[in-house]
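Chemist: So Swiss-Prot has the following annotated:
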TOPO_DOM  1-280  topological domain 'Cytoplasmic'
BINDING   Cys39, Cys42, Cys66, Cys69  Zn(2+) 1 binding site
ZN_FING   39-85  zinc finger
BINDING   Cys58, Cys61, Cys81, Cys84  Zn(2+) 2 binding site
REGION    233-257  region 'Disordered'
COMPBIAS  233-246  compositional bias 'Basic and acidic residues'
TRANSMEM  281-301  transmembrane segment
TRANSMEM  304-324  transmembrane segment
TOPO_DOM  325-869  topological domain 'Cytoplasmic'
BINDING   Ser363, Lys369, Glu370, Asp399, Lys540  UDP-alpha-D-glucose binding site
ACT_SITE  Asp399  active site
ACT_SITE  Asp793  active site
TRANSMEM  870-890  transmembrane segment
TOPO_DOM  891-902  topological domain 'Extracellular'
TRANSMEM  903-923  transmembrane segment
TOPO_DOM  924-939  topological domain 'Cytoplasmic'
TRANSMEM  940-960  transmembrane segment
TOPO_DOM  961-988  topological domain 'Extracellular'
TRANSMEM  989-1009  transmembrane segment
TOPO_DOM  1010-1020  topological domain 'Cytoplasmic'
TRANSMEM  1021-1041  transmembrane segment
TOPO_DOM  1042-1050  topological domain 'Extracellular'
TRANSMEM  1051-1071  transmembrane segment
TOPO_DOM  1072-1093  topological domain 'Cytoplasmic'
Amino acid sequence: MEASAGLVAGSHNRNELVVIRRDGDPGPKPLRQQNGQVCQICGDDVGLNPDGEPFVACNECAFPVCRDCYEYERREGTQNCPQCKTRFKRLRGCARVPGDEEEDGVDDLENEFNWRDRNDSQYVAESMLHAHMSYGRGGVDVNGVPQPFQPNPNVPLLTDGQMVDDIPPEQHALVPSFMGGGGKRIHPLPYADPNLPVQPRSMDPSKDLAAYGYGSVAWKERMESWKQKQERLHQMRNDGGGKDWDGDGDDGDLPLMDEARQPLSRKVPIPSSQINPYRMVIIIRLVVLGFFFHYRVMHPVPDAFALWLISVICEIWFAMSWILDQFPKWFPIERETYLDRLTLRFDKEGQTSQLAPIDFFVSTVDPLKEPPLVTANTVLSILAVDYPVDKVSCYVSDDGAAMLTFEALSETSEFAKKWVPFCKKYSIEPRAPEWYFQQKIDYLKDKVAPYFVRERRAMKREYEEFKVRINALVAKAQKVPEEGWTMQDGTPWPGNNVRDHPGMIQVFLGQSGGHDIEGNELPRLVYVSREKRPGYNHHKKAGAMNALVRVSAVLTNAPYMLNLDCDHYINNSKAIKEAMCFMMDPLVGKKVCYVQFPQRFDGIDRHDRYANRNVVFFDINMKGLDGIQGPIYVGTGCVFRRQALYGYDAPKTKKPPSRTCNCWPKWCICCCCFGDRKSKKKTTKPKTEKKKRSFFKRAENQSPAYALGEIEEGAPGAENEKAGIVNQQKLEKKFGQSSVFVASTLLENGGTLKSASPASLLKEAIHVISCGYEDKTDWGKEIGWIYGSVTEDILTGFKMHCHGWRSIYCIPKLPAFKGSAPLNLSDRLHQVLRWALGSVEIFFSNHCPLWYGYGGGLKCLERFSYINSIVYPFTSIPLLAYCTLPAICLLTGKFITPELTNVASLWFMSLFICIFATGILEMRWSGVGIDDWWRNEQFWVIGGVSSHLFALFQGLLKVIAGIDTSFTVTSKGGDDEEFSELYTFKWTTLLIPPTTLLLLNFIGVVAGVSNAINNGYESWGPLFGKLFFAFWVIVHLYPFLKGLVGRQNRTPTIVIVWSILLASIFSLLWVRIDPFLAKNDGPLLEECGLDCN
């Protein structure tokens, strides 16, 4: 879509549409079309048969397949044509394979039975050997990890190719062609020693030399390039450069197209010296826990039975919570990407880029809490991303229908015409101007050109003027006119009533409008505000994201999408290419539903006392999940596959037979594998859905493996097959009453309908964002962002994993995205409250991981992780009780354990050692610092006794009484002094429980010490255990305490009054029940013999 001349607003229900943009949308650029003489599997030339005619593998449909792929498919694959599924017949000159029909004629016994002499001159030595032998040349193991290629003496060498015209006739050699199709051939090549010379092959004098490629200028140039690379490779081997043979090298002079065929990413397992001790300690800790609980249960405390029982229940709950959190971290991995290989394969210089298009989603609600300048920086970083501009579209969702956001976006589009060419010209990072100009670095380093200095200063002045204009709009928006806002042409702003307004779309930038100052094209920038009417449930952020999915499908329909919060800018301009290394990888990409990046933050104090960075979760838990089925979706910084969001199952892959012993029962093997795969229930599906694709079938260019198993694209007669499997009525019931959108869902590789005009597309876009479009459809249930929780991200990722998809965790060296985090504790607790409330809502919903999704594609340990993510708020009750126990013990003089024996002390000490050892080894393999680990432990207690507790009760009220709770948007970025709000405490009831706990434990410590002084030295021994227990609570609440008394007594008086009152009442109650005064031990009257009468 091109840039629009005006705002398009309308309501499908009211049959209204205003300001239609002009026609002339050229549409997305099509990918390079391949002719019929190119192999549709590997991309090489089809070549000729021994008679000099074009090689035809399948006599039924003449599907273009080269001889090498034909022989490999017959030998290693399904032996069927990829298009018509007809079994390949043996052709003259090919070896016989099991299953071939008996033939009467004897034409070539040598080829038929593969009788050949390896020293025969008809063979060619395979010489193109790449240093990274571990990838791209071998098979694939059960987990999809490429294995090193092993030479097979029964596999003949390649025998087709082209002759080289600069070699004497008596030394003509046949060299396999590696350059066709962009280097996408993936079938294994036979092993040969590169030190051997190229074996000559005689030419048939009866054939024309052109049949062998003789005299080809292109081949001559490629041969010269190949010779040079072979010389470098031979020299590297002679110089002891064999270090690269294990795949660890990074030599750019290795054979080019070998590099282009290599995987785009690889797994990097944690070294065994780091992960194995960690696993051993976990097992030891489980054993120690068993003995510990045996002692605790078998040794109650008679005089403090209630305290003992409460403590044991809390400890058992903590142990179960630890198991749910620990075992998903059993298989942590890291990943590497190869951007150079991605460039070689899909983005060659001087050629049309074949990288997949991507749609960016930015969501915002309230411009007063989410400053427009912050949103503008996010949009600018997207428009300047290092990606082909015709492949990028940015959609900004304004769920508040604010004219301020609309005008700020208009100003941003104008400034982008200057900012984007500056970023790409000098390759600056980051490409958000606010953060680029705030960098405290020497910007002259490696930038010695005087014109860069001048242009940087000029651009900084331009940005300062841009900020002035944005701030002026913000100041103007503070005073709302009584009659409402009006646009520049005097038209009333359609969104004056936030709860009742039509849908609005404005295209600011595009292909035919809004070029930058250098005349280059800019990415599309589209403003979207969905329709809102009273009486409709709009589902907050999840509903806004689903509206963006639909409107983007109508206008651009990119196969991939990336969603960002308005305060998360792109810090690494190559982040999208990092994600494409997984999404577009021919080996693993088809089953990847999304690529999640970690969240990194700016503006956090060095000590991070409120654990805003969440390093433990992003650098430990998420790495562990990546080794199972992938990380959970965290709401931002995630690249999605559009088809996965449409609720389709992941493509089924045919795994090679395992090399395990068949003498064990199947159920025993499953138990040993942690139950990753359960026996699948029999379903009555069409045969076309039951057919599994071979490794070669999934590598095709012409017909990519469709995630649904429902639609096959690109093959003749596919339209008839679609009509037989999926009818239009069912699709409209699933996706909604929009024929244009339904048609877009059938295009796995994206793209819009060329027959539709821009005006009709805009009208359809208004229709799909209407408030009633989702009624009686699967939106929010099976499609898109899932409804039912304020944490829609967890539900959405969970549904995709249940469909068998896997996700990828990508951690580039330069953080991909950065955002802002709440500075003060009150905002941080409200943020955690919202997350915990969403988990409670999921727990009481139909999508609870405890009972949903069995028999699907969700793995066992992945389910553990999801269960942990929704039950953790319930830990707040035992945590609150356990943190209260030290004060009770000190006030009453009792304790939760009896007097410890030597054996009991051994179990207690062993448990403490295992706890510390687990943390230390976890930090060792993950690289997390002890400060971050300890801050995470502290905030686990602070959030547990405040936000998680309130979320639990609010969730119960919502489920039982139907009382809905609303959340407020966390404030993003401000102009205040750095860290000025660090100690600011805003009034919130969340502050009362931790303050009360602090006062209770301080009172308990004072009371315990006073009691010990009154009763003498003997009482000091038991006191140490109680004091340690109390100090454990106080130390975990220390960041809260420091903020409470940190600066200028900013703590609200009402918080202090309520906390003191509750602590005093609680303490006096226990004193009244069981005072800690010394009891009278005088003689009994019956024993003293005195008659008092």
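Cβ coordinates are placed from backbone N, Cα and C, and glycine is handled just like the others.
What's the neighbourhood like for each of these?
Modeler: Per-residue confidence over the topological domain 'Cytoplasmic' (1-280) averages 57 (mean pLDDT, predicted model).
The DSSP secondary structure for Cys42 (Zn(2+) 1 binding site) is coil.
The Cβ of Cys81 (Zn(2+) 2 binding site) has 20 other Cβ atoms within 10 Å, all protein chains considered.
Beyond the transmembrane segment (304-324), the same-chain residues lying 6 or more positions past its ends with a Cβ under 8 Å from any Cβ of the stretch are 286, 289, 293, 296-297, 864-865, 867-868, 871-872, 875, 878-879, 881-882, 885, 888-889, 892, 894-897.
Lys540 (UDP-alpha-D-glucose binding site): 16 other CB atoms within 10 A of its CB, across all protein chains.
Asp399 (UDP-alpha-D-glucose binding site) falls within neither a helix nor a strand when secondary structure is assigned with DSSP, and so counts as coil.
In the three-state DSSP assignment, the secondary structure recorded for Asp793 (active site) is helix.
Long-range contacts of the transmembrane segment (870-890) within the same chain, counting only residues at least 6 positions beyond its ends with a Cβ under 8 Å from a Cβ of the stretch, are 307, 310-311, 313-315, 317-318, 321, 324, 794, 836-837, 839-840, 842-843, 848-849, 896, 941, 944-945, 948-949, 951-952, 955, 993, 997, 1000-1001, 1003-1005, 1007-1008, 1011, 1026-1027, 1029-1030, 1032-1033, 1066-1067, 1070.
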Chemist: Compare 281-301, 903-923, 989-1009, 1021-1041 by their Cβ pairs under 8 Å to the transmembrane segment (940-960) and return the stretch that comes out on top.
Modeler: 989-1009
Chemist: From the centroid of the CB atoms of Cys58, Cys61, Cys81, Cys84, the recorded Zn(2+) 2 site, which same-chain residues not already listed sit within 8 A by their CB, in sequence order?
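Modeler: Close Cβ neighbours, site residues excluded: Ala57, Glu60, Ala62, Phe63, Pro82, Gln83, Lys85, Thr86.
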Chemist: Using Cα coordinates, what distance in whole Å links Ser363 (UDP-alpha-D-glucose binding site) and Cys84 (Zn(2+) 2 binding site)?
Modeler: 45
Chemist: Going along the chain, which residues at least six beyond the ends of the transmembrane segment (281-301) come within the CB cut-off of under 8 Å?
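Modeler: The answer is 307-309, 312, 315-316, 319, 323, 326, 330, 894-898, 903-904, 907-908, 910-911, 914-915, 917-918, 921.
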Chemist: For Glu370 (UDP-alpha-D-glucose binding site), name the DSSP secondary structure in the helix/strand/coil scheme.
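Modeler: Once the DSSP labels are grouped into three classes, Glu370 (UDP-alpha-D-glucose binding site) ends up as coil.
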Chemist: Which of the three DSSP states, helix, strand or coil, fits Cys66 (Zn(2+) 1 binding site)?
Modeler: coil
Chemist: Which one is it: of the binding-site residues Cys39, Cys66, Cys69, Cys84, which Cβ has the fewest other Cβ atoms within 10 Å in this structure?
Modeler: Cys84
Chemist: By a Cβ-Cβ criterion of under 8 Å, what residues six or more beyond either terminus of the topological domain 'Cytoplasmic' (924-939) are in contact with it?
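Modeler: For the topological domain 'Cytoplasmic' (924-939), the list is 270-271, 274-275, 278, 332, 607-611, 613-617, 619-620, 623, 1035-1039.
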Chemist: What count of other C-beta atoms do you get within 10 angstroms of the C-beta of Asp793 (active site), across all chains shown?
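Modeler: There are 24 of them.
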Chemist: Between the Cα atoms of Cys84 (Zn(2+) 2 binding site) and Lys369 (UDP-alpha-D-glucose binding site), find the distance and write it as a whole number of Å.
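Modeler: About 58 Å separate the Cα atoms of these two residues.
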Chemist: Determine, to the nearest whole angstrom, how far the Cα atom of Asp793 (active site) is from the Cα atom of Lys540 (UDP-alpha-D-glucose binding site).
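Modeler: For Asp793 (active site) versus Lys540 (UDP-alpha-D-glucose binding site), the Cα atoms are 13 Å apart.
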